[in-house]
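I have placed the structure first, in the form of structure tokens, so that the comments after it can refer back to it.
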Amino acid sequence: MSVMQFSGLLVVWLLSTLFIATLTWFEFRRVRFNFNVFFSLLFLLTFFFGFPLTSVLVFRFDVGVAPPEILLQALLSAACFYGVYYVTYKTRLRKRVVDVPRKPLFTMNRVETHLTWVILMGIALVSVAIFFMHNGFLLFRLHSYSQIFSSEVSGVALKRFFYFFIPAMLVVYFLRQDSKAWLFFLVSTVAFGLLTYMIVGGTRANIIIAFAIFLFIGIIRGWISLWMLAAAGVLGIVGMFWLALKRYGLNVSGDEAFYTFLYLTRDTFSPWENLALLLQNYHNIEFQGLAPIVRDFYVFIPTWLWPGRPSIVLNSANYFTWEVLNNHSGLAISPTLIGSLVVMGGALFIPLGAIVVGLIIKWFDWLYELGNREPNRYKAAILHSFCFGAIFNMIVLAREGLDSFVSRVVFFLVVFGASLLVAKLLFWLFDSAGLIHKRTTSLPQAQVEGKL
């Protein structure tokens, strides 16, 4: 890459970043937080944060990258995607009407709410315990991270249930919403994330997500400022780098440490070059249509229920890894959101996918606002826990693609909904047995619903 080519890419990167950052800043000033703000920051991180890191790798360490014209296509496709997404998100198909009283779809009381978070926490802890009994501390047993996906490790499906510890702790926080509950959320979820990091052998997702939710709650409540958020972001990047070194068993120093920091940070937070690799091999891609979305559900179906289930799931990430990169190391390489759309339907699917994502984020913001307006604090805690708990799925959306997001959000919805139903069933059984008594302390009517 010549200096002139880099200068052209830099101009496009600056304009695109300024465009997205400006819209995000105006939205932040208007509402302080919603899921449009979160997705916009996540989109910036995924598709634009890595450009400076790539530039240093190219000019400082002479690392090979995709041709400049392909990198330009990656930057422009990301900017155009966001433009279509933003227009979709802001477009209102019908006039806003004054809210009229409607019969609620469901209600929650104190006992049901506490039962819900206990059930969610129980799902996570029992899954961790069973996985640990089968495998022990994988971080100290395995020699490479790819071994996590080998036959040496049993009960891999249980990892999908670990995450429900976070929405459980979110319910606890939203019932109190003070600084002590906020700090308790951080300590409990990060401690659980470190435990799963050691047990699973290097999975950092629970730690990253817990820390991100903690920061956004702090921003919403005004407990942390923007400069504190930036400082926490730097601390988070350094922390994730250290955990990555431990995960891959790397011992580096000097220039090698700087080089390792650059490429690990880029791959962890901003795998934008993966999109460039897909575009570089565009002529070799056999478009998969919507099949990757259907295939991604296969991993949630146990073999005892479907004995003939394919052992290899060809979703967009695996197609990119195996068919495009010809990489069979055992790790799936993230194609990114836009990359998954390219795998499914080429360039035509990029604006269509942007419209779909705009509607998805709009729905989450509608649910979040519903929780903000809800007078029943127990129901509000459940709604907010569901919304913030889905942040993990939005990270999957940006990094892994639309197919992975759809399967995971459906799985999250099913488990969360089942926990609610079980909590209501248990409350009904306890109430029928005469074990539920009304509280003697008088509370505001808006905070009391049903028998407490």
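First residue shown is number 1, and so on along the chain.
Quick reminder: no glycine exception, Cβ is built from N, Cα and C everywhere.
What Swiss-Prot records for this protein:
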type	residues	note
TRANSMEM	6-26	transmembrane segment
TRANSMEM	37-57	transmembrane segment
TRANSMEM	63-83	transmembrane segment
TRANSMEM	118-138	transmembrane segment
TRANSMEM	155-175	transmembrane segment
TRANSMEM	181-201	transmembrane segment
TRANSMEM	207-227	transmembrane segment
TRANSMEM	228-248	transmembrane segment
TRANSMEM	341-361	transmembrane segment
TRANSMEM	378-398	transmembrane segment
TRANSMEM	410-430	transmembrane segment
> Between the stretches 37-57, 63-83, 155-175, 181-201, 228-248, which wins on the count of C-beta pairs under 8 angstroms to the transmembrane segment (341-361)?
Replying inline: 63-83
> For the transmembrane segment (63-83), which partner among 6-26, 118-138, 410-430 gives the most CB pairs under 8 Å?
Replying inline: 6-26
>> As a test: from 37-57, 181-201, 207-227, 228-248, 378-398, pick the stretch that has the greatest number of Cβ pairs under 8 Å with the transmembrane segment (118-138).
In response: 181-201
